[in-house]
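Here is the structure we will look at.
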Amino acid sequence: MDNNQPIIVKRVKKSAAGHHGGAWKIAFADFATAMMAFFLVLWLMSSATPEQKKAIAGYFQDPIGFTESASPYVIDLGGTPTPAPDRTLNPEIQAQPDSTQNKVNPDMEERADPNDSNRVTPDPTQAPDPSDKRQPNDAAAQQQKDASQAKMDPSQAEKIAEQVDKERLELLLQELQNKIEQNPELQKFKDQILLEITQDGLRIQIVDAENRPMFDSGSPRLKSYFEDILLAMADTIRQVPNKISISGHTDAARYNGKGDFSNWELSAGRANAARRALIAGGYPEEQVARIVGYASSAPFDREHPLNPVNRRIDIIVLTKKAQQAIEGRAGGNQAPKPATGAAPAASRSGVSSGGVSATGNLAQPINNAAFKQQINAFDAGVIQGKP
């Protein structure tokens with residue numbers, strides 16, 4: 001009976017595994033991309049300077065000032081994005097009119113007054129100049145510009161230039177104040193940095209403190225923290241085209257150094273050391289109009305001539321009129337005076353009755369060691385005495 005049992009054959013059909021779903025892979029890829037972008041932002045923020053962070057924050061607060069000056073087309077047809085005129089340290093720099101825009105909207109052009117005596121009308125009998133490659137709209141715009149300049153009174157033009165100068169210096173003052181508040185190194189010395197706008201320009205006074213002098217005793221050698229102050233300010237001051245005047249001041253303590261040196265040479269040497277520090281920070285050397293030493297003839301505190309605040313460095317970002325007075329050009333009234341007006345200003349090229357002028361043509365330092373050697377006017381040990 002056992003041999004008659006049926007034989008059952010079980011066949012199992014093998015096939016490839018089915019799809020288990022891959023939506024999680026897409027979600028994981030999105031998560032990984034987002035985390036990469038997040039850590040990239042963290043890395044960029046950690047490496048950005050306070051000035052760069054401020055510029056980024058200002059863009060997101062008011063992006064209109066940046067977008068209005070850019071090209072209105074998706075494809076740039078020649079326009080270059082620039083800051084809006086009211087948000088720049090050089091407000092007189094304006095964008096040139098776009099000839100393409102004038103061609104598209106010819107009805108927007110101003111029509112000249114036929115009764116205007118200053119109107120320039122082309123001569124129909126004269127053939128056009130083949131060398132003049134300007135478009136008709138460009139020529140008309142240039143004629144209108146020439147006519148408006150002809151109408152402007154010289155005194156009115158001078159007032160406009162002074163107003164532009166004033167606005168530029170006020171904006172520079174605000175930028176320096178913001179930099180002092182945001183820079184931890186400068187914030188420690190904000191009580192020694194005095195800013196004010198005078199008739200000669202923006203005056204930056206860096207004064208001594210009793211326990212925090214700017215220079216070594218009896219020497220024009222800069223302290224390291226004073227170098228940091230000047231290096232940090234150079235980047236902001238150079239944004240304006242105005243030239244600067246640097247003056248050094250000492251207290252009334254008699255100089256006890258060797259040789260023929262006196263407070264006059266000491267104050268001039270300290271002013272020149274400040275000039276070298278600014279140049280090392282990137283300030284153009286040709287923008288320095290004058291270096292002058294006043295010794296103790298123009299004290300900050302007249303009632304206490306031995307007060308440490310009388311030992312100071314004055315950096316004046318000059319107005320155009322003050323610059324012309326220093327350079328001896330027409331249009332300037334008189335040379336800028338020191339803070340108290342006690343001493344007349346020194347000439348640019350030599351020594352006058354009111355101050356000692358110090359100039360030098362030294363190369364810009366490249367590294368810290370070379371900078372510390374070239375930043376000082378005298379070697380250590382040459383001048384010894386009271387500050």
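Residue positions begin at 1 at the first shown residue.
Placed from the backbone N, Cα and C atoms, the Cβ positions cover glycine too.
Marked as transmembrane segment by TrEMBL: 21-45.
Annotated region 'Disordered' per TrEMBL: 75-159 (among others), in sequence order.
Look at TrEMBL and you will find 91-104 tagged as compositional bias 'Polar residues'.
Residues annotated as compositional bias 'Basic and acidic residues' in TrEMBL: 106-116.
Under the heading compositional bias 'Low complexity', TrEMBL lists 138-151 (among others).
The feature domain 'OmpA-like' is assigned by TrEMBL to 202-321.
According to TrEMBL, the region 'Disordered' annotation covers 327-355 (among others).
Residues or ranges marked as compositional bias 'Low complexity' in TrEMBL: 335-355 (among others).
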DSSP-derived helix, strand and coil totals, residue by residue, for the domain 'OmpA-like' (202-321): 40 helix, 29 strand, 51 coil
Segment-level pLDDT (mean, integer) for the domain 'OmpA-like' (202-321): 87
